[in-house]
């Protein structure tokens, strides 16, 4: 990732995430007539509620004794390293100066879950045998940064009305399924999501104008992604782009490990993955992965999580 000047008055589609409206009773998609008004829904869960629940899931997974599944054992190791990166970023920058690049894809979904799971203990991580934290020698350190003007917030003091700041850079021709999934999960995970229908560079420029406190952004980039080969866990943006620290906690995860994490923890994911899509772009440059085609004619496809080879992940992408 890398960023050009864009005005605050840009005509891009930009909006804050809104609370979902209450559902009307329906049968097979048709509103029922004469039904009583729907019962008021319980209030949306707070960020601490979400974070502690996810932390419990992660800790439980990391204490599982997995002796017959090499992939899941590797996922446990990957989690420890990634959480070390995330917690170092939280200590270095503080939650108010961090954001997540989120487009509803599998990689940033895993990253979102890991970030939220880190928040309860990002200042004083556990040191018991069940700790998720990497050993000190394994925790990467970002390049030296000037200190923030505000103290880094304690993980135990984040407020019930807090949200994780996030940016969604929309494809030129987005899938309806992706748009709906991003909207739904932004509500579910309490994201402070800003949406930009712009190319990446002006979108980032506009976002930093809207959120000038942001100093670092989490990205779900992996080693096999375009331009991902030589990235490390912490990389400043290139010259000519808006200046912030890029953080890549899942850079060394393999494709099968991403899916093993999602499925083992029962994390809901975008339905396009069930239809053979393995890497999500826009409707004009993305199709189901031919490596997952069933029989002749390529009209049916196996789900994305059945693909095994990193090198085949982007066979359904034109770019």
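Backbone N, Cα and C define each Cβ position, glycine as well.
What you see is a predicted model, and the numbers here were worked out from it, not measured in a lab.
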Handout entry: Annotated region 'Disordered' segment (source TrEMBL; candidates 76-102, 103-129, 130-156)
Key = 130-156
Exercise for the section: Could you please provide the mean pLDDT value for the domain 'Phosphoadenosine phosphosulphate reductase' (98-196)? Expected result: 76
